[in-house]
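Features reported for this protein in TrEMBL:
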- 13-372: domain 'FMN hydroxy acid dehydrogenase' (DOMAIN)
- TYR39, TYR145, ARG180, HIS267, ARG270: glyoxylate binding site (BINDING)
- PRO92, THR93, GLY94, SER121, GLN143, THR171, LYS243, SER265, GLY321, ARG322: FMN binding site (BINDING)
- HIS267: active site, proton acceptor (ACT_SITE)
Amino acid sequence: MNILDSTGEEGVCVEMAMVCLNDFEEYAKQHLSKATGDYYDAGADDCCTREDNLLAYKRIRLRPRILRDVSINDTRTSVLGMEISFPVGIAPTGFHCLAWHEGELATARATEAVNTCYIASTYSTCSVEEIAAAAPNGYRWFQLYLYRDRKLSEQIVRRVEALGYKALVLTVDVPYTGKRRNDIRNQFKLPPHLKVKNFEGMFQEQAGSQEEYGIPANTLDPSISWKDVCWLQSLSRLPIIIKGILTKEDAELAVEHGVQGIIVSNHGGRQLDGGPATIDCLPEIVDAVQGRVEVYMDGGIHTGNDVLKAIALGAKCVFIGRPAIWGLAYKGEEGVREILQILHDEFRLCMALSGCRNVAEINRNLIQFSRL
């Protein structure tokens, strides 16, 4: 698990071990093109929310218990009744083929091998059929946007249900795309050899028509509302998870509308800048739903310590976005597996050092909020 990093004495190459997720981030920055790196790294406007997703964890301290016999640790948990190896899954992120030639196929195989959950993105550069074929025994959910042309959304829902995807993750925080300055400066576009494969051939290309992240501009429907959750429930028997909730008020509405899960998410800080860090929103949402639905979260997870804090504050599972991309950029499927293994090992160690023998023993008593 080494990369050539620099030249030592007398021109001998010195290898740097990939020890933590930050090592993979640095590798990706050095090896991805500027436009691709900027796309993955982008936050909205001044990137305050993107940065606070990371900084918020540093304001939280742990209250470890001692003499608890932690000679055996069990990191397993379950999401929607399915057992996974530890409470970290892969969040929906677009365009994996920009980071590695096999793209989402490599990501799917890695999550299958580690036995955790992969949320496939609508904006994948491999189709839902190709992803399912690459990891036939993998546990997959599908992330969905609603479009002005509802037939596009309906068709993809029917495809993923037939393919054995286990849940629909409805992203609700993108009535319009946030302003990502570097994407505008770079005039970001997918290279000609890549497509949003799930919609290949569904849009009639017109000369001079504007494109936004691989599909025609103004395709997203800004009129999306709670009634569309009911429409989706009428369309499919799959569990529905709402991704993009940050307040107790919306969490309560989600429960009232009969969804099965909530992902506390600010889209990696890529939508509304100046909003709260997701870990700061988590406690009020967990308190609001009172166990009626499962609560997950994404945003800012870089260490096993971060995972422990999120689980202690009530998340059933957390999801990582950019770190999966860094793993792909490093070594494809093997890189994503290494990212997940590092997080698993760090989480298990932090559990033990905090006096927790299994995930059920992790609770809010572990948490002390710093005044910093």
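Note that Cβ sites are derived from N, Cα and C of the backbone, with glycine treated the same way.
All annotation found in TrEMBL is predicted automatically rather than curated by experts.
Fair warning: this is a prediction, and the values are worked out from it, not measured in the lab.
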Cα distance, LYS243 (FMN binding site) to HIS267 (glyoxylate binding site), nearest Å?
-> 9
Of all the Cα pairs drawn from PRO92, THR93, GLY94, SER121, GLN143, THR171, LYS243, SER265, GLY321, ARG322, the residues the record ties to FMN, which distance is largest, in Å?
-> 17
Checking the binding-site residues TYR39, TYR145, ARG270, which are within 10 Å of GLY321 (FMN binding site) at the Cα level?
-> none
A correct count of other C-beta atoms within 10 Å of the C-beta of GLY321 (FMN binding site) gives 22
Per-residue pLDDT averaged over the domain 'FMN hydroxy acid dehydrogenase' (13-372), given as an integer = 95
Here the binding-site residues are GLN143, TYR145; which one has the lowest number of other Cβ atoms no more than 10 Å from its Cβ?
-> TYR145
CA pair GLY94 (FMN binding site) / ARG270 (glyoxylate binding site), Å rounded to integer, equals 13
Protein Cβ atoms within 10 Å of HIS267 (glyoxylate binding site), excluding its own | 24
Local Cβ density at ARG180 (glyoxylate binding site) - other Cβ atoms counted within 10 Å = 22
For PRO92 (FMN binding site), what is the tally of other C-beta atoms lying within 10 angstroms of its C-beta?
-> 23
Where among the binding-site residues LYS243, ARG270 do you find the Cβ with the fewest other Cβ atoms within 10 Å?
-> ARG270
